[in-house]
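Report on one structure; see the data block that follows.
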Amino acid sequence: MGFRNLAIKILFLSQITTGILGNFSLLIYYLVYYIQHALKPTDLILMHLMASNALIVLFTGMPHTLAAFEIKQFLNDLGCRLILYIQSVGRSVSISTTCLLSVFQAITISHRKSCFKDQKVNAAKYIGCCIFSLWVLFVIIHFIFFAYILVKRNSKNMTRNRNFEYCSIRGGDDINASLYTALVVCPEIFFSVLIAWSSVSMIVILYRHKQTFQHIHSNTIYSRISPESRATQKILVLVCTFLAFYTISSVLQGCIALLHNHNWWLVNITRLTSLCFPSFGPFVLMNHCTFVPRLSLIWMWNKIT
């Protein structure tokens, strides 16, 4: 018992430390760069992705870490619902911006003769509006559930109790569950399908480009990779990492929802898995990016230590 509790404490603490350091270093880098220069569309999307990941790490990772250190039930009903609201907004914005990033990059590298030709310039123009719309949309959608449960929390139909260790709430009925499925779960599934489709499209386009390039330059010993191909490979790694962790997390959460007796290991592994992409995503990105974000991380680390 003592060893496993210590292991979970170390893992949660490592995750939130890594997540805070990675997300805020990239976020500060993009904000500073944005003041001096205009961000490229992909960088603008990545900046908001880091912001949503930071919300998840702070408002999901921190409470779970405190609960792992035996600091439990420290939030009242309103505080608990507010934390859950911010968690939900961060999760929805994270998956939607990842989808936007993947689809935009697929459009960017698509063949000139493809049906996306006329959309490339327009897509870059409206990226900022799309990101703003996603934030507003999910803030409103999740506020509907936040307000609905607050209004109905004293109703006799609200019989379901949810214990998160750091807090517990009483609420939820069939209407709330149906609305949540329609407005949150279904869009998440749709975004996941779009991410998978755009990722496969990028892989096919890169493969065809490589085959054509090798055919043209078959006698050349050294060949350079185009900037678009490098950017696409970077985004593909990031998106595939997201899909892997998101799928595993969703499967584990489904198991918890179906099982009546929750295994201690299953619950904690599910929580750790849900934090993997928000915590390690920035480092996946930095590993396939230019040295500037890495230098910003080193600068922040030196300031901390």
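Including glycine, each Cβ sits where the backbone N, Cα and C put it.
Curation plays no part in TrEMBL annotations; they are all automatic predictions.
Going by TrEMBL, these are the annotated features:
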- 6-32: transmembrane segment (TRANSMEM)
- 22-285: domain 'G-protein coupled receptors family 1 profile' (DOMAIN)
- 44-62: transmembrane segment (TRANSMEM)
- 82-105: transmembrane segment (TRANSMEM)
- 126-151: transmembrane segment (TRANSMEM)
- 189-207: transmembrane segment (TRANSMEM)
- 235-260: transmembrane segment (TRANSMEM)
- 280-301: transmembrane segment (TRANSMEM)
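Spatially, the transmembrane segment (235-260) is adjacent to the transmembrane segment (82-105); three or more Cβ-Cβ distances between them are under 8 Å for residues at least 6 apart in sequence.
Panel annotation: around the transmembrane segment (82-105), residues 41-42, 45-46, 48-49, 51-53, 55-56, 59-60, 63, 75, 123, 127, 130-131, 134-135, 138-139, 141-143, 145-146, 164, 166-167, 169, 184, 187-188, 191-192, 194-195, 198-199, 202, 231-232, 235, 238-239, 242, 246, 277-278 of the same chain, lying at least six beyond its termini, place a Cβ under 8 Å from a Cβ of the stretch. Within the model, the domain 'G-protein coupled receptors family 1 profile' (22-285) shows a mean pLDDT value of 81, rounded to a whole number.
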